[in-house]
């Protein structure tokens, strides 16, 4: 599991930062990639990374401001030309379906793969399978905006092969049955319960990715005990009034959420273009003064998510 930040700027692109897009690479876990937001030129940024559009299986849109969605029609269209044939699902607030359908229709763009659009109308779980579930809550922004909590379900512990050997159980198909938790009768009449030969489960990881937001309770709830929190930090601490007026957060406010939610690691993104060059170092210093385990995202930078 790995983050690839495709765009870390706010509002408009700058020379150093493109607008919002984050790829969550799940290649080892499920052979695919999830994209969070898709600002203008996202597909161009992808060209400089290991992300493959044909492997993108889900796109989660936080809200419908242009710096988070204007790259979506182009990416959806190009995916067809880049070998994308597998289904793709787009999740987002009410209006995302109309935006996509109008953009593709007016430009006579035809996708050659199954495309599903899910409009989020209620808070709660928007996706779940055997590996993950994704939960969402409304944040505090000028328009409807969601944050996403991605929870990896606990992974079954390993088969205790040495314990089986000590019990004089020979390798073979029986190992798989025991690993599947079956109760198995051996040729000598012994009955083994697979659960007795499986190690403790490996705890799944929790990732929280927030859209644009003021400091709010929903952010803290979504981030509770997360391994990684990705939080916007549009403004420096001194610009708190502007942050509030424009429905955004400061570096210190993002760090406070991380501290209050007991997260392990905070990554700041959505940095205003007013902070150029090495000014990001001061933003990072402000956040670290509140929450030590803070990093700041840069375009095309990768962050592995450790267990």
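Keep in mind that glycine also has a Cβ here, set from the backbone N, Cα and C atoms.
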Zn(2+) 1 binding, same site as 63, 65, 141 - Swiss-Prot member from 196, 212, 217: 212
Given Swiss-Prot lists 67, 68, 212 for Zn(2+) 2, the same-site residue among 270, 293: 270
Local backbone state of residue 65 (Zn(2+) 1 binding site), from DSSP in three classes: coil
Cβ-centroid neighbours of Zn(2+) 1 site 63, 65, 141, 212, 8 Å, sequence order: 62, 64, 68, 139, 142, 143, 145, 211, 213, 247
For residue 68 (Zn(2+) 2 binding site), the number of other Cβ atoms found within 10 Å of its own Cβ: 26
Number of other Cβ atoms within 10 Å of the Cβ of residue 212 (Zn(2+) 1 binding site) across all protein chains: 27
